[in-house]
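Student: Features from Swiss-Prot:
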BINDING   Cys139, Cys146, His158, Cys162  Zn(2+) 1 binding site
BINDING   Cys169, Cys176, His188, His193  Zn(2+) 2 binding site
COMPBIAS  1-15  compositional bias 'Polar residues'
COMPBIAS  17-33  compositional bias 'Pro residues'
COMPBIAS  34-43  compositional bias 'Low complexity'
MOD_RES   Ser6  phosphoserine
MOD_RES   Ser16  phosphoserine
MOD_RES   Thr24  phosphothreonine
MOD_RES   Ser29  phosphoserine
MOD_RES   Ser69  phosphoserine
MOD_RES   Thr120  phosphothreonine
REGION    1-43  region 'Disordered'
REGION    131-323  region 'SBD'
ZN_FING   81-116  zinc finger
ZN_FING   134-194  zinc finger
Amino acid sequence: MSRPSSTGPSANKPCSKQPPPPQTPHAPSPAAPPAAATISAAGPGSSAVPAAAAVISGPGAGGGADPVSPQHHELTSLFECPVCFDYVLPPILQCQAGHLVCNQCRQKLSCCPTCRGALTPSIRNLAMEKVASAVLFPCKYATTGCSLTLHHTEKPEHEDICEYRPYSCPCPGASCKWQGSLEAVMSHLMHAHKSITTLQGEDIVFLATDINLPGAVDWVMMQSCFGHHFMLVLEKQEKYEGHQQFFAIVLLIGTRKQAENFAYRLELNGNRRRLTWEATPRSIHDGVAAAIMNSDCLVFDTAIAHLFADNGNLGINVTISTCCQ
């Protein structure tokens, strides 16, 4: 699937279109060729998208894990927001009757949710702030498995990267707002993004077609091996004005810890030239935005792409391997 975009990868880019009948992919090397898939991009007004893949036009510190005593739970419950049931953390504001509500919910309310009294003027509860500084709070994802308790200053940073937070749809550039558990990610992709093809095996060919399309374009497909699923992403974007670049990376449909057990190699090969990148796959919890921003992936410009392309089609050899721990 494809839909070139002039607004770059941050634009809304649909990630699931029913593909027309498959086209014949570019043939890989004749000597014991690995599995191959064609990933096509189609220009405006075109509907030709091979069934092999999706093309989309167009990131804790401290604490502990000791058992929480009933007394500690009773103390932290005093900080529960009556609206969202998260914890009220400093700066702590109260209504005129002394009831607490977290700062996020307070901005949406016109009166106290407990007594219906006025929330203004803002009254600071310094005593509760001192107590909060002496208490370790559970992670907001404790109900899904996180056992850490943290100082209130460490809690927001940890929760931004907590392994137990919900997984978002990993489809890059898509407008899909789905969130769910890790176990539900593949089911979501298979049902909501059916145009993303999965190839079996640790050594495959990722063939992106129509790489000369203008604007920002993403090519996506899946690779299944070693009992896991990997997402292969090739993005073309204008990182600098007038200078388009390609970024290729592999993500694991799994946690960061699981990703450390694998390595991947991306290789452009042809015309007696070779360009190789080897790295550890990123977890889909991390996404691709940070890797692209830091060029922590296979990066090449359009001039290099044309050295390896054949009639506007670019084949990338992808090899997944396990790491000895």
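Backbone N, Cα and C atoms are what each Cβ position is placed from, and that goes for glycine too.
Could you place these features in context, so I can see how deep they sit and what lies close by?
Tutor: A sphere of 10 angstroms centred on the C-beta of Cys139 (Zn(2+) 1 binding site) encloses 23 other C-beta atoms.
Just so you know, the Cβ of His188 (Zn(2+) 2 binding site) picks up 18 other Cβ atoms within 10 Å once every protein chain is counted.
Under DSSP, Ser69 (phosphoserine) is assigned to coil, being neither helix nor strand in the three-state scheme.
When Cβ atoms from all protein chains are considered, those within 10 Å of Thr120 (phosphothreonine) total 10, not counting its own.
On the 0 to 100 pLDDT scale, the model's mean across the region 'SBD' (131-323) is 92.
Sequence-distant neighbours of the zinc finger (81-116) (same chain, 6+ residues past either end, Cβ-Cβ under 8 Å): 122-125, 128-129, 132-133, 137, 140, 152, 155.
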Student: Have a look at the binding-site residues (His158, His193) and report the one with the fewest Cβ neighbours inside 10 Å.
Tutor: His158
Student: Hey, how far is Cys169 (Zn(2+) 2 binding site) from Cys162 (Zn(2+) 1 binding site), Cα to Cα, in Å?
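Tutor: Checking the Cα atoms of Cys169 (Zn(2+) 2 binding site) and Cys162 (Zn(2+) 1 binding site) gives a distance of 17 Å.
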Student: List the helix, strand and coil residue totals of the zinc finger (81-116) as derived from DSSP.
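Tutor: Summed by class, the stretch gives 4 helix, 5 strand, 27 coil.
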